[in-house]
Each structure stands twice: as structure tokens, then as C-alpha cells.
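Taken from Swiss-Prot as is:
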- T73, D94, N122, A123, S139: S-adenosyl-L-methionine binding site (BINDING)
Amino acid sequence: MSKENKTTDFGFTQVPWEEKQKKVAGVFHSVAAKYDLMNDLMSFGIHRIWKKQTIAKSGVRKGDNVLDLAGGTGDLAYKFCQMVGQQGKVILSDINSSMLEVGKEKLTNKGCVGNIEYVQANAECLPFPDNYFDCITISFGLRNVTDKDKALASMCRVLKPGGRLLVLEFSKPIIPLLSKVYDEYSFKALPFLGKIITQDAESYKYLAESIRKHPDQQTLKQMMYDAGFDNVEYQNMTGGIVALHIGYKY
């Protein structure tokens, strides 16, 4: 079947393959201005711990080239700028211009200049040379990508041999009671918060649905192997609500 006739998930709705990117763009154009505030409210601030653990596992050192993909408002990129020093370089990349603009303004105001670039790019066809980055991170972005297999292969292409990919993403809770509470919170509280804070309940309804349609821990692990990564491992956080996958290129 050609891509023109294929459909894909947009939350719980099936949409034409080529339309998902436009619909996801609409979501993030809508939420960009309040993105950081909503992250704190929705996760009770725990997203900062998840990201801190990701940074600690990244192995980033002075002089490294780092790609923070779907980097949004720059939480990871800001720390990486400090870690690589002026000898290294961080590229904060996002497909969404609104998110990228918020991230650029935020990091510039924090004094993050000189060793960072901002690139609007599609994860499925990254505009970077082969074997270029020491480390790639994608935090809460992979589930919004239309062709995840193609994106993972693109990440593998631009990663140096010996480099590593870290995927921080919502996943499948491993505790049944937690899963029930999480479902109740996701489908009721998130759209309500979205309506109150951003006047946009639908975008946060999509968020809850997109999490449920994202591959589980083992499936994503295999997808990373299939894309060319080796020694893929994952660590569950907060009972599997979030998982950090790490894969290496050799």
C-alpha cells in the first residue's frame, strides 16, 4: 500500500498518513507558550527528575556534539550546553517553529550562547551529516512522529560509531493499580487543565491518547534494534509511566 493510501494514529483517531504531521503541528503551535507551565502542572514537577536522570545517563562530555531532537523549550539542551563547553556544540532541533522559538528565547535569556544552534527539522529526514553526533536525545517527542522506524534509522545514521541515543518517553505502567489511576488522571484531569490554562482541552486529550498508542517498552526496544542500534536497554521510571531507552551505534 502506498503512503498516500495509508492511515496512522492521531491519538485514537485514524488520519491519512500525510496529515498527522500537520495535526501534530497544530497541537504544539497551540500549547507552545504555556508548555513549560503545563509540564510542571501535569507531572507535579516530576518531569524534571525524569530529565535529570536522562542527562545523568547521557555520558555527554566536554567537546561533544549533541543533538537534542524534538527539544522544544530546551530543558535538556540548556544542561548539555554547560556540559560540552565551548569546545563542543549542541543543536536544539524541533519540527515545530513555535516550540523552537520559545526554546531559543528561553535559552538565550539564560545566557546559553556560542555553543548552541537552533534547527527546525523533521526527525524522519535529519539534515545532518552521517556519523556526526556523539549523543542524541529525544524527550517526549517520538510518539508524535508519523514514521517512527524511519526517524530511528535517521538518528542512527547521524550518530557517530560509539555514540548513543536516549529516548525518554511515556510508556506502559507496570503496576495494574497505578495504570488505573493513571488512566483516570490522564483522560479527565489533563484535558481539564488544558482547558483552564491554555483554553485548549483538545490538545491535552490528544496527549493522553497519543501516550496509549505509543509502543510499549519491549516493542520500542526492538524497534531500536531494527533501526541499527545495539545493546539497547531501558529503565522504567515512576512505575513505567515513563521509560528511558538507551541504544548504541557500533
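Cβ coordinates are placed from backbone N, Cα and C, and glycine is handled just like the others.
Secondary structure from DSSP puts D94 (S-adenosyl-L-methionine binding site) in a beta strand. Fewest Cβ neighbours within 10 Å among the binding-site residues T73, N122, S139: this applies to N122. If you draw a 10 Å sphere around the CB of D94 (S-adenosyl-L-methionine binding site), it holds 28 other CB atoms from the protein chains shown. The S-adenosyl-L-methionine site in the record is lined by T73, D94, N122, A123, S139, and its two most distant CA atoms lie 17 Å apart. Non-local contacts of A123 (S-adenosyl-L-methionine binding site) by the CB criterion (under 8 A, 6+ apart in sequence, same chain) comprise L69, A70, I95, I138, G141, L142, V145, A151, S154, M155.
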